[in-house]
Amino acid sequence: MPPVKKQVKKRAPPKHKLPDPLKPGEVLTDSMKRQWKVGAAVGQGGFGLLYAASPNGPGSVGPNAEYVIKIEPHDNGPLFSEINFYLRTAKQDMIKDWMKAKKMKHLGVPRYIGSGSHEGKTRLRFMVMERFGENLHKMFEAAGKVFTRRDVAILAIRLLNTLEYLHDHQFVHADIKGSNLLLGFTKDAQDQVYLVDYGLAYRYQPDSGHRDYKEDPRKAHDGTPEFTSSDAHKGVPAARRGDIEILGYVLLQWLCGQLPWEDNLTNCDYLKDQKMKYLKNIPSLLKACFPKGDCPDELRKYLEYTSGLVVNSSRYQEKPDYNYLRGLFSSALKKAGWKDDGKFDFLSAKPKSSKKGQVKSSTDEEVQSPQSGRSLSPKKRAAPKKKAVKRKSDESDVSSPPKKKAAPRKKVVKRVYVDSDSESPPKPKAAKAKAAKARKAESPDDSDSDSPPKPKTARGKAAAKRGRKARALSTIATQTSPGLMTRGRLSNGT
Ligand SMILES: Nc1ncnc2c1ncn2[C@@H]1O[C@H](COP(=O)(O)OP(=O)(O)OP(=O)(O)O)[C@@H](O)[C@H]1O
């Protein structure tokens, strides 16, 4: 008799819901008893709403308020996970000390400001953040879907700095992409880039040591399809090399306009096979992306390094060579005589209107306005919005993108929330009190994060039962324009 194939049952993901909106003027009190007044809505994610906010005081919250409050229903998982990440890694002193030790002027990790719970019509969880401006995906679109080689080199160095900090603090981000990279809010801070959305951040190296390499098809394909790492496609826990790989795809897209697998983003197995095929043969990837053969040298070397790091499971736990990778881009800048002054070329291509994420407000002009009198890269100006992704013939620094048509945007994507404190994830009621106690001891200043959301899925319950990390999945129907979608988020302006 032929062996009976074991059926792997797919678990239904939990449905995350959006919170009831707050009214302007509402006051929230965080776990440190600081009061925050809510202003206009400034953004919306798949699970939460964002409002401008100020420390409570007389008058209403102005359009230039320095803070943002992100809210989610109390029993949602992602914000709980995100707050946990911030508490562990993004306290102001930690960031300050790191910058001092590394002699850095800027680090793209947002500082933790505060968090708490709020009893309104329903119970909410909230987090106070620094306020940021436009996201890089919008800048990329506004620039005609190409960034200059100079901008990409500066961004690569900044992002490698950011990743090194996260990795040194036991976390990986696992969802690096333009729409999660925000510029500073004020005109003075427009040359600063912050990595946000830690809903997928994963503690790859808890105190007990680095996680083991283990493929699990049930957990496969987490992340944003075009950038998902090959480990994630195989259901392997996220590790440092995955962030390096994801960043490589982001840099590649910025330089060539479109990744070769963007023609079929709905098929995760296709994406996995394509990435594996190209990772094993970087020249073929470069040929597909740069048919004229003009791939910048630093990107080629970055991708070759990444290929060596990720194709073999034996290098899963390896610490990436951040210095080598940064050096590739700083040498390119030096060679071309470009300064890393942080004044990006793409700032002169202004996004037309805020569709989603950034709700248009009177401050939009300030956030998006080009740097006056700013000279562009030696070779070219950014293309006008919506122009075909083509480079002028004199643009020797970058080359034409692949001509493939992007497939209609993936309809259903998986949003995975991995509790950043993977030892104390959202747990079922029975385990909740125990987890709360442990968490409180770890995070004494966060009275809120001691009450994690209850998992509503068989998966969460099973995970808790087995005493291992909990993960909450959600699948939300999406149909969006390429790149704008973040996991499970309707980002087509609706
Ligand atoms: N600190 C901030 N200041 C200003 N805007 C922000 C800030 N953080 C996030 N945003 C904007 O709000 C939107 C939603 O943010 P975020 O991605 O963190 O939410 P989310 O619910 O986790 O969404 P996603 O569906 O992408 O996971 C984004 O478009 C982002 O540009």
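Cβ from N, Cα, C; glycine included.
Listed in TrEMBL:
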COMPBIAS  1-16  compositional bias 'Basic residues'
REGION    1-26  region 'Disordered'
DOMAIN    36-325  domain 'Protein kinase'
BINDING   Lys70  ATP binding site
COMPBIAS  208-224  compositional bias 'Basic and acidic residues'
REGION    208-234  region 'Disordered'
REGION    349-494  region 'Disordered'
COMPBIAS  377-390  compositional bias 'Basic residues'
COMPBIAS  402-414  compositional bias 'Basic residues'
COMPBIAS  429-438  compositional bias 'Basic residues'
COMPBIAS  456-471  compositional bias 'Basic residues'
COMPBIAS  475-494  compositional bias 'Polar residues'
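Just so you know, the Cβ of Lys70 (ATP binding site) picks up 27 other Cβ atoms within 10 Å once every protein chain is counted.
Counting residues of the compositional bias 'Basic and acidic residues' (208-224) by DSSP class, helix then strand then coil, yields 3 helix, 0 strand, 14 coil. Reduced to three states, the DSSP call for Lys70 (ATP binding site) is strand.
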